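Peer 1: Pasting in a structure now, in structure tokens, and then I'll have a few things to ask.
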Amino acid sequence: MILRTIFLYYWCLSACNGQTGDDVKSLVTQLFTTNTYKKNVRPNADQTKPMQVDLDFYLVGINGIDEITQKLTTTGFLFISWTDEYLTWNSASYGNLEYIYVSQSDIWKPDITLQNGFSKLKELGDSFINVQILPTGEITWLPTEVFETKCNIDIKYFPFDRQTCEIVFVVWSSSILDVNVTKGSRGILLEALDPNGVWSVVSTSAGDDVLSSESRVVFTITLERSSAYYVMNVIVPVILLGILNVFTFVIPADSGEKMGYSITVFLAFAVFLTIISSELPKTSGSLLGYYLMFQMGIGTFVVAVTAFELRIHHRKDKVPYKIQRIFRSKCKTRVKSSDKNFDNPEKDKENEDGEKTWSDITSTTDFILFWISLVSTFIVTVTILGLLSSKYK
Ligand SMILES: *[C@@H]1O[C@H](CO)[C@@H](O)[C@H](O)[C@H]1NC(C)=O
């Protein structure tokens, strides 16, 4: 559709009428047979000057990014134009014939190919694609392709990442002294772009690589992943499960539910990870991956500590004096800070002197571990979220 619009727009500005089929036939015979057109001769009368070729890129779609193979797939077409000095005519002599179409395989064309492609180097376009020729010899060729290009994918900030990829077109065999490809006046165009569900185009640029001896044009596209899906389906559930995990320490050991609860939360987390693993990049190095590992670590820690605590909790023997002494000071602070009305020195003294049982010790441990794990989970979560989301803001 867009192709046809462009064709009509560029080549039918002047009156496209008057010509007959015979005019076209005689022109084609004149150009290709009588003038003995040779498609392997570069069509400059002055061969000391390079053929100037302009290249613009219409991006039609972002088909996807593959993190494992580091591949960007795009659909697009090139707008390539040059002047063929052997394909000119006087339109008045041919019934005002203003343009003709010939197959791309019938004329000389620059051997432009994708340089950072993923598969075998191949000719752009196909023999069914026609080029348009104007009386001045100006040729326009619009080869369309699905381009697979190499691109370094950095998933450190997944799912808030941006990827910058280059699509490089090079003149493969001719030197810059023979064929000089430069970016056209329009560069990379997005008006034909269909939106992608995951990737949106943030910025683009086009440029000639003047430093290299090859003649090439580099189109750069910066893409941003839409992160809302991952926030809702990965990050928020993981944070919620992390909170549930910490609350294991709130359940009293006597209730008999403590172990069951901690294992259930751990299993829920493991099952959840299995479900979401297909949504995550299959390469390592993302901060989110480290965060999931941290949550898994906390989960393991909670289960292990709970098992150990329950064993201690049900011991019948006396608590050794050394352990009593350690916990006595901790308990005192706890009583004071948690109950202001209870600020009775005698009671405190009694509490201090009273012998600690194993169950007192486990409940103190629970209290301390609850706050330690809650605060550390909070700090790590906030840090990771901050790092992830601040990257481009
Ligand atoms: C190629 O074309 C560009 C733009 O027209 C020009 O600046 C450059 O000098 C040309 N290079 C050669 C080797 O002719």
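From the backbone N, Cα and C atoms, a Cβ is placed for every residue, glycine too.
Curation does not apply to TrEMBL; its annotations are automatic.
Features from TrEMBL:
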SIGNAL    1-18  signal peptide
DOMAIN    26-226  domain 'Neurotransmitter-gated ion-channel ligand-binding'
TRANSMEM  230-253  transmembrane segment
DOMAIN    234-343  domain 'Neurotransmitter-gated ion-channel transmembrane'
TRANSMEM  259-276  transmembrane segment
TRANSMEM  288-308  transmembrane segment
REGION    336-355  region 'Disordered'
TRANSMEM  368-388  transmembrane segment
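Help me see these features in their spatial surroundings.
Peer 2: For the domain 'Neurotransmitter-gated ion-channel ligand-binding' (26-226), the model gives a mean pLDDT of 93.
Sequence-distant contacts of the transmembrane segment (259-276) (same chain, at least 6 residues past either end, Cβ-Cβ under 8 Å): 233-234, 237-238, 241, 244-245, 248, 251, 292, 295-296, 299-300, 302-303, 306-307, 310.
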Peer 1: By Cβ distance under 8 Å, which residues at least 6 away from the ends of the transmembrane segment (368-388) in the same chain are close to it?
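Peer 2: Same-chain contacts beyond the flanks: 157, 159-160, 235, 239, 242-243, 245-247, 249-250, 287-288, 290-291, 294-295, 298, 301-302, 305, 330.
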Peer 1: For the domain 'Neurotransmitter-gated ion-channel transmembrane' (234-343), how many residues does DSSP put in helix, in strand and in coil?
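Peer 2: Counts, helix then strand then coil: 90 helix, 0 strand, 20 coil.
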